[in-house]
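Now, the feature entries from TrEMBL:
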DOMAIN    87-146  domain 'LIM zinc-binding'
DOMAIN    147-204  domain 'LIM zinc-binding'
DOMAIN    205-264  domain 'LIM zinc-binding'
DOMAIN    265-322  domain 'LIM zinc-binding'
Amino acid sequence: KLWHPPISALPSSPLGVSRPLLPSKLVTAAAQHLDELLADLGHMQSKLVAVEGGARESLEPKASLDNMLGSLTRDLQELGITATPAGICAACCKPIAAKALTALGKTWHPEHFTCARCGDELGSQPFFERDGQAYCEKDYHQAFSPRCAYCASPIREKVLTALDQTWHPEHFFCTRCGKTFGDDGFHERNGKPYCRQDFLAIFAPKCQGCKGPVTDNYLSALQGVWHAECFVCTECLSSFDGGSFFELDGQPYCKLHFHQHQGNICHGCGHPVTGRCITAAERKYHPEHFICAYCLGQLQKGTFHEHGNKMYCQACHAKLFL
């Protein structure tokens, strides 16, 4: 959400609006010459020093200045010039005879209306007000504007608030890819923002099958997690009927391919041998499948002959090959 620093303005401005203010100038009917003389008198006052005792140090300069001002006023009146001050300067507390500047509900000598921080004259340039004091634009933002959590510089316009910090909108982006966030928003980890894609790529658990992030439905097997569609036989990629599977080297296998890798396939029927087994000529058979290739009679271990990769009983072997 956007945040604007609270700024109090002149009574004529809407409350809470952060915008620079403009001082206004007033020119009285008094002669410009009077303002110059007053300035000279003020300069003279700063140089007066008591020379005849400590008691006169603070009294005589003021009395002398008042006498001079009174004499000057009488002389001007005799010339037909009415010297009506435009007001009292809020900075030096002296009358303003010529040009006057009005700002913050007060009047000022133009050269006395300055930035409360750097002291530069504000003149007719825009300024900001805070707690009854005027600031130039640069110093106001340096002193009071929120700072961006990324670049640490003041935020002068739009403010984005996230993760309990303020940011320039263009500086709030994914920690990994650097892209700004769209409608999907962002994810947070350890105080840093991430887009959805990078957050899942870095922090989501990985499927043991496809190695992609697992975000929704998953299976837990073989000390890992799997997408349901990825938990299949490593050999034939078929799903497991009834949910049963065989494990070999950390991978799931169907019954056929597990026993095939283990060398437990019946040479007669091609199916796994899981119970009683007959081994002959380095092959395995179900007992009921260990038969003569010619008469199909069941063979007994030690009473058969092999010919052309097939098994024969003694009678059929003698009849066919002897």
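Any Cβ shown, glycine's included, is placed from N, Cα and C.
In the domain 'LIM zinc-binding' (87-146), helix, strand and coil residues by DSSP number 11 helix, 21 strand, 28 coil. The average pLDDT for the domain 'LIM zinc-binding' (205-264) in the predicted structure is 82. Residue counts for the domain 'LIM zinc-binding' (265-322) under DSSP, helix first, then strand, then coil, are 11 helix, 19 strand, 28 coil.
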